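Enquirer: Pasting a structure below so you can have a look.
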Amino acid sequence: MSELDHIKNESVDLVRIPMEEVFEELKCTKQGLTANEASHRLDVFGPNKLEEKKESKLLKFLGFMWNPLSWVMEVAALMAIALANGGGRPPDWQDFVGIVCLLLINSTISFIEENNAGNAAAALMAGLAPKTKVLRDNQWSEQEASILVPGDVISIKLGDIIPADARLLDGDPLKIDQSSLTGESIPVTKNPSDEVFSGSICKQGEIEAIVIATGVHTFFGKAAHLVDNTNQIGHFQKVLTSIGNFCICSIALGIIVELLVMYPIQRRRYRDGIDNLLVLLIGGIPIAMPSVLSVTMATGSHRLFQQGAITKRMTAIEEMAGMDVLCCDKTGTLTLNKLTVDKNLVEVFAKGVGKEHVFLLAARASRIENQDAIDAAIVGMLADPKEARAGVREVHFFPFNPVDKRTALTYVDSDGNWHRASKGAPEQILNLCNCKEDVRRKVHGVIDKFAERGLRSLAVARQEVLEKKKDAPGGPWQLVGLLPLFDPPRHDSAETIRRALNLGVNVKMITGDQLAIGKETGRRLGMGTNMYPSSALLGQVKDSSLGALPVDELIEKADGFAGVFPEHKYEIVHRLQQRNHICGMTGDGVNDAPALKKADIGIAVVDATDAARGASDIVLTEPGLSVIISAVLTSRAIFQRMKNYTIYAVSITIRIVFGFMFIALIWQFDFSPFMVLIIAILNDGTIMTISKDRMKPSPQPDSWKLRDIFSTGVVLGGYQALMTVVFFWVMKDSDFFSNYFGVRPLSQRPEQMMAALYLQVSIISQALIFVTRSRSWSYAECPGLLLLGAFVIAQLVATFIAVYANWSFARIEGAGWGWAGVIWLYSFLTYIPLDLLKFGIRYVLSGKAWLNLLENKTAFTTKKDYGKEEREAQWAAAQRTLHGLQPAEKNNIFNEKNSYSELSQIAEQAKRRAEVVRLREINTLKGHVESVVKLKGLDIDTIQQHYTV
């Protein structure tokens, strides 16, 4: 393969030499390479991808010990070995080794878990590897772009990301978006023999090309090392920083108070004071927090993949959990995208033409390979798909693009005459044919008739090309006919939309079809018919009642929009974001990319173009809306795990810092830093399992509310600190436990008090996770077996230490099984109010605690279906009101809507509109018959024999 070394060394300018010389230099033809030749060239040029920087495993491992939380622990280790060297005692080697072990254990667990999650994520992303059509062994096949080599012939079509630097072969000019490479905002025209760059996007046209450079030798590859790889600090990282700073500030406050009291006022010994400071530093820092949250998110992304959603950006999970508006395409998402044509409804407008000829012309204007849904439906109506090209010679095919919205074929018939056939959007075909006003009115009447039945219209036209040239304008176009296309809704779409509304996600239909079709589809799916034409987005709607409504409010309250172009999608997302909505947007085409990138969660649907996938945050591998709603539920469960852990981490910091601070200052009892290390190690081992814990998703959109996290953490942590102080006071200054439980007093046994205090802190600290992980009573929501097992094992270890340990260096001596039983009982009794505190702080923070109390909407109930009765009553009232059985509901002085957030109002309004639409279905003959049958108790089979519905 030495003859190709000059290509690899780039000693030949393949961009400027004539195309004939390109083939000579690359030793190839327009028929492409053979598989063997391509394999040899792959060995010479390497894979068509950029070299990945391999991160050192050692540096990655050490990176887990290089963050603000780890720095605090490292300062504590230095204090144990340096500052603790005083008071006639040697350096605190045990604590130093313990802290280092804690850091190593945490880093090891984090390294293993994140490495596994990273491998899983890499495997998922491999499924999104760009693919391309390549000609090898004289056959076209779809292959991964990484196997391309110079000399390969590839096919480029609308929406493709160019896989390698290439020169265009014969064909029509392309429109190429090079903005990601050159910064040009307007697509540039590329003619045959021009070069196209790897990474640019085909915006219009279709052509074949020969690859001239791959991998690091491409224009993109050479520029890659110049790209600034500085990582932006995302919202998730800011949240972690805020929580970490809160914990560090809490510890700093405790340390300052201890320093001000212990040395100037109490005149404590230097070494004892250092030990107390170490307790706060070691016990208060949630050292495992960054790893737990990152691993939870990575593990969650794998679960999403199993449900048919690949996350390209991990932080999209938290945004998906907070999504309250979903703008979704009708075709393929709400419907099956399996079109059928009703031959009986075909309208013919050309004289002397039958319906079969309309079908034939439409089939000729369709592809017979690489078909889209419309092409497949049209060609499939023929008795034999080969009829589409029978007796004619194809000269040129004009592919579909979002601007022209039509396809066309130039062909020569058996008599040598040249013709063109075109099919496409009726409005585009009408303009093409330059139809008179009366014809337009007739066509629009047929279109409206189709639309009322939920049918899309496809216009067909023909033209004679007297010049007999493929680029000739030809004679006048003639409108031939209209075809009705029906795309049935998915069987699960209606139920999925209802689920979405109940989850607080307002689903808006975005369709390029007519308004009447959008309304009919919305009616069938029960999502409401409050839909508007795309002109309403620009304030051009003629309806005076809508004209007075601000565009932002119109978009917010609409159930959908029809006649939408890609630029309208961008405007919808932009306006919704201005109204503080977290907006999801689905898309599949190259022109959807700006809206997908603008949306908080860009979702590329199944079979989306490379450009749409590149701009999206989540790529679906399964069709339908149900995949998205399942992903929302999974994301909320993942987010709940992360939020619950952060509340737990803040609570533990408050509980350790203030609990031990008060004990140290009031009773001058010096808790052992080594025992705090044991608590921290056991805690981290247990908490690492939270990423796999079973979790109920939030019933409403959720997001990081730091005020709620800090408030809940302070209340729960403060309560636990108080219970520890009370326990120590009763144990040291009274005989309560010995009098009532028969255990020996410990007031004069500080080593055994250390053991008892250690066990009490360990049990109640770890048990707190069961409170923070549940939305209702903690005992009613069963945790995962892994979390439960880890808790049991950790507390068995803690109990055995408290009962049997005799470690002089840690100043601890076993307190016996009697005290262990007392401590477990005390911990159980003090655990019960934690749920009540959780409910209390939640209702106080919601701002409607008094209203909830008056209307009995509290969590202090054993009912499983919370709020079910009220929803059923609202449903019954809506039915009675609709049928005139009772007047419309009057406002209550405690109007629920006035107290709910605006987002909940919008979801509720959409839900009610959907309910009304479904209830209108009752006013049909079938609904009336079934109602009478139920009322009279008649035989339904007998009734159905006499009524045809």
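Just so it is clear, glycine is given a Cβ too, placed from its N, Cα and C backbone atoms.
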Enquirer: Do Asp92 and Asn806 end up on the same side of the membrane, going by Swiss-Prot?
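Expert: Domain labels match for Asp92 and Asn806 in Swiss-Prot.
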Enquirer: Starting from the Cβ of Asp588 (Mg(2+) binding site), draw a 10 Å sphere and report how many other Cβ atoms land inside it.
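Expert: The answer is 24.
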Enquirer: Report the member of Asp329, Asp592 (the recorded positions) whose C-beta atom has the most other C-beta atoms within 10 angstroms.
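Expert: That would be Asp592, with the highest Cβ count within 10 Å.
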Enquirer: With an 8 Å cut-off on Cβ pairs and a sequence gap of 6 or more, do the transmembrane segment (785-805) and the transmembrane segment (244-264) reach 3 or more such pairs?
Expert: no
Enquirer: When you scan the chain for residues with a C-beta under 8 Å from the topological domain 'Extracellular' (666-670), skipping those not six or more beyond its ends, what do you find?
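Expert: Counting only partners 6 or more residues beyond its ends, the topological domain 'Extracellular' (666-670) has Cβ contacts under 8 Å with 266, 268, 272, 275-276, 725, 728-729, 732, 750, 753, 811.
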Enquirer: Compute the average pLDDT of the predicted model within the topological domain 'Cytoplasmic' (115-243).
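Expert: Value for the topological domain 'Cytoplasmic' (115-243), mean pLDDT as a whole number: 78.
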Enquirer: Decide whether the stretches the transmembrane segment (814-834) and the transmembrane segment (710-730) have at least 3 CB pairs under 8 angstroms, with pairs required to be 6 or more apart in sequence.
Expert: yes
Enquirer: Any residues 6+ beyond the ends of the topological domain 'Cytoplasmic' (773-784) with a Cβ under 8 Å from its own?
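Expert: Same-chain contacts beyond the flanks: 640-641, 644, 648, 689-690, 692-696, 698, 834-835, 859, 866.
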Enquirer: So which residues does the topological domain 'Extracellular' (731-751) touch in its own chain, when a touch means Cβ under 8 Å and the partner is 6 or more beyond its ends?
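Expert: 667, 669, 757, 811-813, 815-816, 818-819, 821-822.
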Enquirer: Of the listed stretches (62-81, 244-264, 644-665), which one yields the highest count of Cβ-Cβ distances below 8 Å with the transmembrane segment (274-291)?
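Expert: Looking at each of 62-81, 244-264, 644-665 in turn, the most contacts to the transmembrane segment (274-291) are made by 644-665.
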Enquirer: Under 8 angstroms for C-beta pairs, at least 3 of them, ignoring pairs fewer than 6 apart in sequence. Is the transmembrane segment (644-665) in contact with the transmembrane segment (62-81) by that rule?
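Expert: No, the transmembrane segment (644-665) does not contact the transmembrane segment (62-81).
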Enquirer: Please give the sequence-distant neighbours of the topological domain 'Extracellular' (806-813): residues at least 6 beyond its ends with Cβ less than 8 Å from one of its Cβ atoms.
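Expert: Answer is 94, 670, 672, 674-675, 749-752, 754-755, 758.
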